[in-house]
Structures are given as C-alpha cells and as structure tokens.
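Features reported for this protein in TrEMBL:
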type: ACT_SITE; residues: LYS12; note: active site
type: DOMAIN; residues: 72-153; note: domain 'GHMP kinase N-terminal'
type: BINDING; residues: PRO103, VAL104, ALA105, GLY106, GLY107, MET108, ALA109, GLY110, GLY111, SER112, ALA113; note: ATP binding site
type: ACT_SITE; residues: ASP145; note: active site
type: DOMAIN; residues: 211-283; note: domain 'GHMP kinase C-terminal'
Amino acid sequence: MTRSLTVRAAAKINLHLGVGAPREDGFHPLDTVYQAVSLYDDLTAYAADDWSLTTAVAAHLGEVELPAAGDNIVDRVAELLCARRCDDGCRPTARVEVSKTIPVAGGMAGGSADAAAALVALDRLWDLRTPDSEMLALAAELGSDVPFSLIGGTARGVGRGELVTPTDDFGAWSWVVVPDDRGLSTPAVFRHFDALFPDASPEPAPAQPVLTALASGDPVALAAALHNDLEAAAVDLRPDLGDLLARGESEGALRGLVSGSGPTCVFLCESAEAARDVAASLASTRPVVLTAHGPVAGAHVVDTSPFPEN
Ligand SMILES: C[C@](O)(CO)[C@H](O)COP(=O)(O)OP(=O)(O)OC[C@H]1O[C@@H](n2ccc(N)nc2=O)[C@H](O)[C@@H]1O
Ligand SMILES: Nc1ncnc2c1ncn2[C@@H]1O[C@H](COP(=O)(O)OP(=O)(O)OP(=O)(O)O)[C@@H](O)[C@H]1O
C-alpha cells in the first residue's frame, strides 16, 4: 500500500491590519493580528517515483484558475525543502493532491495555507525532521502569511507579517464569510494603499486594542476594535464591497470587515446562531455565504496511510 498523509490548513482573517509606508525592499511594515478560521484546504502527499501535483477547487467557489503544476506555490515548497534539507543532487518526488475550500485570491491566505500544508506533509513524507525554527524560516521565505498558516490559532504578526507570536484569545468567535467570484491581487491592493495614503507613517497602527478585546472574550468589544488599513483601498477598487459590509451590519452582524487585502468580507456575530441568521439573510442576494468559527489549529496531519511511527 502506498504511503500517504493528509495535512489540513486553515484560512485566516486579520482582526487587526496596521500597515505602514513601504520599506526600501517594497514590502509594507505590518502590525497585524491573525486568526485561523474553520475554512480549510486539505493536501495529500503520496510516496511516488516522480513529482506531480493536482488541484481541485470546491464547486461552490465557482470556476477559478489556479497556477498550473510547475508554477503553484506547492511546487516552490517542494523545491525549497529539497534544496535546503535533502542530500546534494536529490529531487522532489511525491504525488500531491490539493483540495481547496478556502476562497482563491480572496484575502484569506489560501495559497499560504497550501504552502504550510505542503511543508508539513513533505517534511514528514521525506522523513526530514526539520526543526520547528527552520520550518518557520522556510515558511517566511515562501510568503508573509505562511508562518502564521503553520502555527494557526490567534497570533500577532510584525515585520512584513512573517514574525509571528501566539497571543491570548479567550473567545470563541462566530463569523459569516462572503467570498467573491472575482479575486483581488494582493500587490495591487498594497499599491492602491500607497496611492491613497502617500503620507502614511512608517509605523503601522498598533494592534493593542484588538489584543485587549481578545483577552476579554467579548464579541461586542472585539467588534469595536476590528481594524483593517487595507479596507479603504479594497473598497475603493471594488465599491460594491462597501455596500456588502453595510448590508451585513444591517442584517444583525456586530461588524463587517474586508478580510486582509479582500475581496472576501467577514462579519463578526454575537453567537453561532446569530451567524447562521445573518448568513441566511445575506444568502438571498449572494451566491455563496459561509459560516466559520475561530480560532482553529494551524497546519496539522489529519490522516496517514500506512505510515510508520517515528
Ligand atoms: C494582506 C496580507 O494577507 C495580510 O496578512 C499579507 O500582507 C499578504 O501576505 P502574502 O500574500 O503572504 O504576501 P507575500 O506573498 O509575502 O507578498 C505578496 C505581495 O504583497 C505585497 N506585500 C505583502 C506583504 C507586506 N507586508 N507588504 C507588501 O507590500 C508585496 O507587493 C508582495 O510582493
Ligand atoms: N496552491 C494555491 N492555491 C491558491 N492560489 C495559489 C496557489 N498557488 C499559487 N496561487 C496564486 O497565488 C495568488 C494568491 O492566491 P491566494 O488564494 O493565496 O490569495 P489570498 O488569499 O488573497 O492571499 P493573501 O491573503 O495571503 O494575500 C493567486 O494568484 C493564486 O492563483
């Protein structure tokens, strides 16, 4: 029987996204608070003699183009892990299948989740035993959100978002998630932020109000503290998002927020029941409305077949 393992990785919401003026390397300094929420991609890696990758996107997310095998972030993970952790001259071999339910190009770190899942799965399949600190460093090379996708839960991110520290979170938070059938490009949203705010401070807005609200466990306090500096840029590029945010709040959400660089909009609700009610109301005019809860775990193994214990 072929050895295989499946790793699951979650989407993220930025509860706080403070963005400073761009650094010399073009990246923006961030002070952000990530929360992993219960929308997942599953990645299964099978032992094989060659390298192959297939992706499948959940039907409800519509017709979306993902980069072809060879250009996918999962290919980059395999190359990087092999180059840094395998013997000279080795090449990546595995058959990898990615099954996506995280909206694509939606501001919920779908590609980053797949990268984190691939790091965990291939490290285990190839028995590399990469230390956690090196896994986090490799994750940071792959993308600013990837270290958070590894650790999950609720965490503060600084630097360009890649320097993550778990934070206290005493709540069980209920979300409505409204994806959009047209993605927004993350670099384009950051560029639009620069155009709208040419005098932005180099120091991003501090995350303290959200950290305090998380420690209270009170949804009303968290709703008041939610903050996203990219929201104005995303809404300026896509004014319909502003209408959606207002509508969710009028239907009973405590607060609507663009997720990261958008265009997915998320709505914090008082309870799971309230989230179901808001979702049902929004579903009368939107093709896809989901509910989710957070925080949930980072990239973790959910199935092995048969796989020797170390
Ligand atoms: C918007 C967020 O999702 C919030 O968590 C992230 O900042 C984006 O994270 P990501 O998609 O993992 O981003 P990366 O793959 O590292 O970078 C993609 C592009 O986004 C822009 N970028 C990203 C992160 C950052 N701190 N400043 C930036 O300006 C840059 O144009 C970069 O070329
Ligand atoms: N495995 C993958 N899954 C999804 N997108 C991928 C993958 N590999 C590469 N991409 C590409 O990466 C880009 C960003 O997609 P992704 O779904 O990560 O967006 P996002 O959620 O907005 O990211 P973030 O919130 O981290 O900025 C898209 O152009 C997408 O086609």
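Here, residue 1 is simply the first one shown, and the rest follow in order.
Note that Cβ sites are derived from N, Cα and C of the backbone, with glycine treated the same way.
Here the features listed in TrEMBL are placed on the structure.
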{"residue": "LYS12", "record": "active site", "contacts (Cβ under 8 Å, 6+ apart)": "TYR34, GLN35, ALA36, VAL37, MET108, ALA109, SER112, ALA113, ASP145, PHE148, SER149, GLY260"}
{"residue": "PRO103", "record": "ATP binding site", "contacts (Cβ under 8 Å, 6+ apart)": "ALA11, LEU39, LEU61, GLY110, VAL177, PRO179, ASP180, GLY183, THR264"}
{"residue": "ALA105", "record": "ATP binding site", "contacts (Cβ under 8 Å, 6+ apart)": "VAL64, GLY183, LEU184, SER185, THR186"}
{"residue": "GLY107", "record": "ATP binding site", "contacts (Cβ under 8 Å, 6+ apart)": "LEU184, THR186, ALA234, VAL258, SER259, GLY260, SER261, GLY262, PRO263, THR264"}
{"residue": "GLY111", "record": "ATP binding site", "contacts (Cβ under 8 Å, 6+ apart)": "ILE73, GLY143"}
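Residues ASP145, taken from the recorded positions LYS12, PRO103, ALA113, ASP145, are distinguished by a CB atom under 6 angstroms from ligand 2.
Taking a Cβ distance under 6 Å to any atom of ligand 1 as the criterion, the recorded positions LYS12, PRO103, ALA105, GLY111, ALA113 reduce to none. By a simple count of nearby Cβ atoms, those within 10 Å, the most crowded of the binding-site residues ALA109, ALA113 is ALA113. Neighbour count (other Cβ atoms within 10 Å of the Cβ, all protein chains): 29 for ASP145 (active site). With DSSP states grouped into helix (H, G, I), strand (E, B) and coil, the domain 'GHMP kinase N-terminal' (72-153) comes out at 46 helix, 8 strand, 28 coil. Residue counts for the domain 'GHMP kinase C-terminal' (211-283) by DSSP state, with H, G and I taken as helix and E and B as strand, are 42 helix, 11 strand, 20 coil.
The ATP site is set by PRO103, VAL104, ALA105, GLY106, GLY107, MET108, ALA109, GLY110, GLY111, SER112, ALA113; from the centre of their CB atoms, other residues of the chain with a CB within 8 Å are ALA11, ILE102.
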